[in-house]
């Protein structure tokens, strides 16, 4: 799918053409703030008038910072020339575009002059100011440009006024963020970089969203549940004498975020009726509190972006501008992923090929993906995924390609993406990252089932192509959940430290001088955290290991992340942190599925599981006779791969690592594309007919999943690797400690993928040799202020009764004494 804007040309100025365009007023979108004052002249009519006026640039004078902008907007002399060039480019773009997407009449465009809202001395209200720069004024204190933590902008377009309230997205860059470029053939590294990337909302519009960068004008988008608006500055139309910078703004229908989508994280997949036809997405119910679910827990995808040489040349041969473009794109992607997938996209590095391309740039994305995968293995920076942005037009049906489910892998956690406008690249990058996360493309036949029919914008992973979509369908979200449940994405659970900016309360990262930081208010429990300080008596404010009523750590051994399968490891609280430990799984080679499978990369690999994943729940692996009979023949029906036009015979030792043979195949695979036809084969063996069918099923990255997966068992203590059957010991994995009897982890634990012992419930130590007493896993409930006990009540009652009796008896005795005195007092008058 190639989104609009994937071409390197500037966007068209439709909706403000100088001939034949309607310049009448337009109705504003629902939820936008109507412009005050008299009706505003439409931008196209204003442009015609201003272009006919004598040039005013020479008479303009630079004003001091903070001076008010004049009431009339000002356009410089180059505007008309550049608008003509842009119009020509628009015609060329629409005539020559290879995209399979039709430009919709619903898209509208205008020219606007945005302004930043500031406060003047002795004024209580904001006023518009034409300078859009958000750099803090006292830069000499810092070794890099520092931008304001908060900013507001006013944009008038389509008959409405929008006020955008922004907060610096301090979750975008990690503390280890580095920028790389080349000089004299050698890489040059620099820590940090300019950070001008904001998230926010439209003032007064509920559930609105904004993602903008302000490094060089305004780049990005905002939406109000009805329309999506894309904004960027017009190139070469602005100079220092200008009183305002023209921007082009596009309006198109937004994806409708239904209530079901907003509440999706609280629902179980098997509650949706359409999933009866998506059985492969279903998994067992998890006996764990949903608040500790692996999908609901926030995840962090650490991303590295690489820009090719043509992308660098496009940005005026400035690696700073090129890097800013990449950061702007990732800022947009992060705004999509964190809301719908509970996943933050954190940029750890940007590399720009300033001198030459480091790999061959071709129009064949499959070839380029394979070459880039080899290059990625030479990169030293840690990243969960590395993606290339290339200013090339692929001879391919889509604008990106990545390895399906490849995140966390140094060889497969990569992707290649076409360059274009920021919003278009953000959508392309969202799609290729989704492929890395096990999310499939959605053919049009699945669109009604996946709930992508509510809006013109469609969904991100639609195969037919959509324009500026920001919505993942139900199917996509369930596939991501399924990917996590199968053990994928283990690297996504290590929370990176906050970026290099100064400490700021409210960004969601606990920094120097802070005890807690709620970020968005919903991230903290109750009253545990106030102004980035823990409340009196509180030990924590958030996380699966923080008691949400007492604000105390859960006890050591309290389960905080359930194992999602036999090859996963349950994580337990440490007793001294509110956060759950990193997500680990068993080391490759452990037996699973009743000794029928082997753990590999956190998944239980069996031929049955692979057949069901490709062909549905009724499929199963064929009888061993099929593999021994067919894979030794070296034909289309059975082989160990292909060398040119020749099928490779499997040795008898490797027959279970060759062509995948299954029973009960469906007409079409659940993933990938069928290459050729299904090869039905059957034999009469030991008094019964056995099914030995197979097929070549190819993913977009050219991977043929019609062969037995790596990690699948092929004999006692043996597993497949690169279509060879190898001893597990030959994999040279790091080993965990052994006891004197040679038992791993003393026989009281399992070895993790980090070669550390995860001990059983009552054992501890690096080798699990120390007996640990049973822990209290159920912390006492918060009972509030302690009241009197039953014993104290009884004692108090008895004491009270004795005291009352004493008072009564004493009073009676005193009264009796007085009676006696009155009876025998000789001075007393009257009868007795």
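Glycine residues also receive a Cβ, built from the backbone N, Cα and C atoms like all the rest.
According to Swiss-Prot, the protein carries these features:
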- 1-59: signal peptide (SIGNAL)
- 1-10: compositional bias 'Polar residues' (COMPBIAS)
- 76: N-linked glycosylation site (CARBOHYD)
- 96: N-linked glycosylation site (CARBOHYD)
- 100: N-linked glycosylation site (CARBOHYD)
- 263: N-linked glycosylation site (CARBOHYD)
- 287-792: topological domain 'Extracellular' (TOPO_DOM)
- 408-491: disulfide bond (DISULFID)
- 450-475: disulfide bond (DISULFID)
- 452-459: disulfide bond (DISULFID)
- 547: N-linked glycosylation site (CARBOHYD)
- 548: N-linked glycosylation site (CARBOHYD)
- 560-580: disulfide bond (DISULFID)
- 664: N-linked glycosylation site (CARBOHYD)
- 732: N-linked glycosylation site (CARBOHYD)
- 736-751: disulfide bond (DISULFID)
- 745-757: disulfide bond (DISULFID)
- 759-768: disulfide bond (DISULFID)
- 793-813: transmembrane segment (TRANSMEM)
Helix, strand or coil at residue 450 (disulfide bond) [DSSP, three-state]: coil
Residue 548 (N-linked glycosylation site): secondary structure state under DSSP, collapsed to three categories: coil
Arithmetic mean of per-residue pLDDT over the topological domain 'Extracellular' (287-792): 87
Position of peak Cβ density within 10 Å, selected from the disulfide-bonded residues 408, 736, 757, 768: 768
Fewest other Cβ within 10 angstroms of its own Cβ, chosen from the disulfide-bonded residues 452, 560: 560
For residue 664 (N-linked glycosylation site): intrachain residues, at least 6 apart, with Cβ closer than 8 Å: 615, 616, 618, 619, 620, 691
Residue among disulfide-bonded residues 408, 450, 475 with Cα closest to the Cα of residue 751 (disulfide bond): 408
Coarse DSSP state, helix versus strand versus coil, of residue 560 (disulfide bond): strand
Neighbour tally for residue 491 (disulfide bond), based on other Cβ positions within 10 Å of its Cβ: 20
Cα-proximity to residue 450 (disulfide bond), 10 Å cut-off, over recorded positions 459, 491, 548, 745, 757, 768: 459
Length of the line joining the Cα atoms of residue 452 (disulfide bond) and residue 768 (disulfide bond), in Å: 51
Cβ neighbours of residue 459 (disulfide bond) where a neighbour is any other Cβ within 10 Å: 23
Listed disulfide-bonded residues 408, 475, 491, 560, 736, 745, filtered to Cα within 10 Å of residue 759 (disulfide bond): 745
From recorded positions 459, 475, 547, 745, 768, the one whose Cα lies nearest residue 560 (disulfide bond): 547
